[in-house]
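Visitor: Structure in structure tokens, see below.
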Amino acid sequence: MDQNLYQAVTQGNVQRLKSLADKEPKLLLSRTPNENTALHIAAKQGHKEVADEIISRDNTLLSMRNKDGDTPLHIAVRTTHTDVASLLINFTKNYPADIELGEKPLHQINNKDNTVLHDAVSSKNIKIVKELLEADPELRHSLNKENESPLHIAAYEGFLEIVDAFLKFDLVVPTEALDTGTPLHLAAFGGHIKIVEKLLQKNADLITQCDACGNTAVHSAAQNNYSHIVDLLLRKNLTLAYIKNKEGKPPLLVAAASGSNAAIKEILKQCPDASEQVDDKGRNALHIAVNSRMVGSLKCLLNCIRSEDIINKQDADGNTPLHLAAKQSLLLPTMRLLADKRVNPNLVNNYGHTARMLVENPDNMDTCQSGSFLWKTNPLDERLKSTITTYILVATLIASVTFAAIFTMPGGYDQNTGKPLLGGHASFKMFIMSTTIAMCSSVVVIFSYMRTWNKPVQFKLTQIVFGHRLLVVAFLGMLVALAAAVFVTMSEGCKWLAIVVILMCCCIAPLLVWALQGTVVFRPGIWDKRPRYLEPVSSPSSSFVMTVYMPLCPVKLLTLAGKTLLAYA
């Protein structure tokens, strides 16, 4: 493009533009490297007078496209320069259609197959949207490469005012053949309940329409956990809860697969018998939740479903939800199921296997891998022994310190009787009790862990939880002992200092519980990217038990605490 012309257009200098165009009329047809014409640049810069002058000299520039396939009007509607866009609309709607291509000027598409109305909706330009609809109402039916009409975009993005503008023209035509479904599907998927209500008011038949995958709007809302929309749709048509998509899944199973707990509760609230639904493989919502590793959904379903038959439902292969959890090495779902007394761990599948047999099967241990843990075919991680050592060390230090504290009484002893000088003080009694609790807890932890020292991998989950919590009790006992000892010795001479120490201990205690009493089950990606290993326990117990590593974060905290204790021991 000529440099002088480019500067005149970008600066909005109409007089200079006229002078250049008078000297060389064909100069306006020149283009930039991106194939933008002078009118494209004027539309982008928002120079209305320059655009008007260019069009008056050569209106063929209205239909010219750049490398992105955009006409000047495409660029104008994507900007905030609505006055330029309005000017171009007025000129374009009167521009003759392309006879060879058989398209109207306003229907020209860019490389994304977007019309100017698509771009206007995406830009939330309600004024231009209304002008385009008035200029050519047929624009509302045009589809882009994603098979989306402008109304689809408005419904998905939640542009309520723009949706209102579309609904003033005609009924919403069901678009059953489109992958994206109807605008109702997209409004439900985006969680826009006001748009859902308006669409249904305009065309109630939309509620039963399906997309290319067979999903109704309830499926879309359930997938994204929009329970308020699920509630609205089911109140209008309760049968929607029982419609299956092409994968054979009703909305409840879709919600279970997506972890949509609120949607699960809403569906089961209005349709309790929906819990009996199964897919083409005979799997119910519990099976789906286990397969999708949605522990929260599994817990929600167990709380909402009362029937033992549904909880122990067997699929086409005879597998219960517990079988699937065991077969795929899913620790958290397995433990959640076993915590429910209604779950029967002794059921066998079509191959004669119980859930425990699937875990102890060597074939499974060679190949089974999941996001929760890996089977014992991996080499033993040295950090496991370090973990156990750390716990035993910390427990030993606590026991040593508390044992010594018992014989180092606050305030000292009476030289004549040998009794503690402050023995009658209430805080002294609290000191003795808390110190004893801390010592006994740590001793139990030591012997609990030493019993399995030679086979550290075979720590049972219950044993880990037990020892872990006892250490928390021991630490809390030490905090109470500290506060009591300071108070009993300082309350007379410097009472404010004793109160400050007690307040500090009170603040630290909740933080300690939060830090050390987190989930014992290690999940890769939370504290460490490296996986940890498990192996099933060959225990005569009838319950299905699996083992895990100690959590990494608490170990680091305990190590730090151990070093601190050593410094004062």
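Each residue, glycine too, has its Cβ placed from N, Cα and C.
In case it's useful when we look at the structure, here is the feature table from TrEMBL:
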- 382-488: domain 'PGG' (DOMAIN)
- 68-90: repeat 'ANK' (REPEAT)
- 179-211: repeat 'ANK' (REPEAT)
- 317-350: repeat 'ANK' (REPEAT)
- 388-410: transmembrane segment (TRANSMEM)
- 430-449: transmembrane segment (TRANSMEM)
- 470-490: transmembrane segment (TRANSMEM)
- 496-522: transmembrane segment (TRANSMEM)
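Give me the structural setting of these features: burial, nearby parts and distances.
Guide: Listed as Cβ neighbours of the repeat 'ANK' (68-90) (distance under 8 Å, sequence separation of 6 or more from its ends, same chain) are residues 34, 37, 39-40, 42-48, 51-52, 55, 61-62, 106, 108-112, 114, 116, 119-120, 122-123, 125, 127-128, 131-132, 135.
Note on the repeat 'ANK' (179-211): residues 146-149, 151-152, 154-158, 160, 163-164, 167, 171-172, 217-218, 220-221, 223-224, 226, 228-229, 232-233, 236-237, 240, 243, 245 of its chain, located 6 or more positions outside it, place their CB under 8 angstroms from a CB of the stretch.
Summarising model confidence by region, the repeat 'ANK' (317-350) averages a pLDDT of 87.
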Visitor: What is the three-state DSSP composition of the repeat 'ANK' (317-350), stated as helix, strand and coil residue counts?
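Guide: Per DSSP, the residues of the repeat 'ANK' (317-350) fall into 15 helix, 0 strand, 19 coil.
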